[in-house]
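One structure is given below, encoded as structure tokens.
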Amino acid sequence: MQRKGPKWGTYYVGPIQMAVCYGVVIANTLLGGQCLKAIYLIMEPNGEMKLFEFVILFGGLLLVLAQIPSFHSLRHINFFSLVLCLLYSALAAAASIIIGNKSNGPEKDYAIVGDKETKVFGIFNAMAIIATTYGNGIIPEIQATLAAPVKGKMFKGLCMCYTVVIVTFFTVAISGYWAFGNKANGLIFTNFLNPETNHYLVPTWFIFLINLFTVLQLSAVAVVYLQPINDILESALGDPTKKEFSIRNVIPRLAARSLFVVVATIFAAMLPFFGDVNSLLGAFGFIPLDFVLPVVFFNFTFKPSKKSFIFWINTIIAVLFSCLGVIAMVAAVRQIVLDAKTYKLFADV
């Protein structure tokens, strides 16, 4: 793949994009394992299997799907993923509303808990998680740097992406917080189990469907986010003069893709803190990619006068969000350290 433009763009922006994509794969593998465990507990309430075992099972599924050769091959999976995303978001919101309306539902407390330090760091953690949530357009953004014309095809893709993100995340977030208050977990499905009675607050078939749809959708999303890394590796390891399915190209592709999935699975199993991973992703990747670099690139590319309003508003945005990103990263690392003191490696959370 031929790259044009300043070298610092290739060696700075590219690695951040790839790190974010890989971080999403790790987060999805962890979340997929949590959903598989939820399905298992429906069938075996007293089951003894641990979370890391389900993370490994999800990693095995991803290991197979990761061998799909190209972005073009993923077009049907992308559509399937969109349908599943809408389905499980609708089910999660419906379950939250049902539980919130029950007379025997959980008590709602909307107070912000913790000391002043925890609250301040919690704010920056939340900002980073929001950046991760709304940074899901990164795949169309990467494609927009590769495929012409950018204006039109990729703009429509980004509009569709953010429409789906707003509809799904807002619906689940608002209904979940309304139903569970400050006890709402990063994975809202875990709130559907009453910890006191160990019984679900909605029918078990409902829980089964939600988690099944989520597992399928997460596997599709993880494969999509893994693909940019695969393309770069295969352009370096493969031989373009040979056929795509020749032994010379298949063996390096199989080895590289399998290695990346195995490493992601190990990380997900070792550090089962979904919210913390999201926060770190947002601070390290999505904040600079979505809020800092675009305005910097605008100033570099179009070179507006240093006396102009657009130059200074872009500069202010870049500085403010750079500071926010650094603080959010400190908050994310702090939260991971605190959770690491509470939970051991390969914890069953």
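Note: Cβ is positioned from N, Cα and C throughout, glycine not excepted.
Automatic, uncurated: that is what TrEMBL annotation is.
Given the structure is predicted, the values throughout are model-derived calculations rather than measurements.
According to TrEMBL, the protein has these features:
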type: DOMAIN; residues: 7-336; note: domain 'Amino acid transporter transmembrane'
type: TRANSMEM; residues: 12-31; note: transmembrane segment
type: TRANSMEM; residues: 51-68; note: transmembrane segment
type: TRANSMEM; residues: 80-100; note: transmembrane segment
type: TRANSMEM; residues: 120-139; note: transmembrane segment
type: TRANSMEM; residues: 159-180; note: transmembrane segment
type: TRANSMEM; residues: 200-226; note: transmembrane segment
type: TRANSMEM; residues: 254-274; note: transmembrane segment
type: TRANSMEM; residues: 280-302; note: transmembrane segment
type: TRANSMEM; residues: 309-333; note: transmembrane segment
Under an 8 Å Cβ to Cβ limit, what residues of the same chain, 6 or more beyond the ends of the transmembrane segment (200-226), are close to it?
21-22, 24-25, 28-29, 31-32, 35-36, 38-39, 42, 58, 61-62, 65-66, 68, 74, 77-78, 80-81, 84-85, 87-88, 91-92, 95, 98-99, 102, 105-106, 139, 189, 192-194, 257, 260-261
Which residues of the chain, 6 or more past the ends of the transmembrane segment (80-100), have a CB below 8 A from one of its CBs?
106, 108, 164, 167-169, 171-172, 175-176, 178-180, 188-189, 191-192, 201-202, 206-207, 209-210, 213-214, 216-217, 220-221, 224
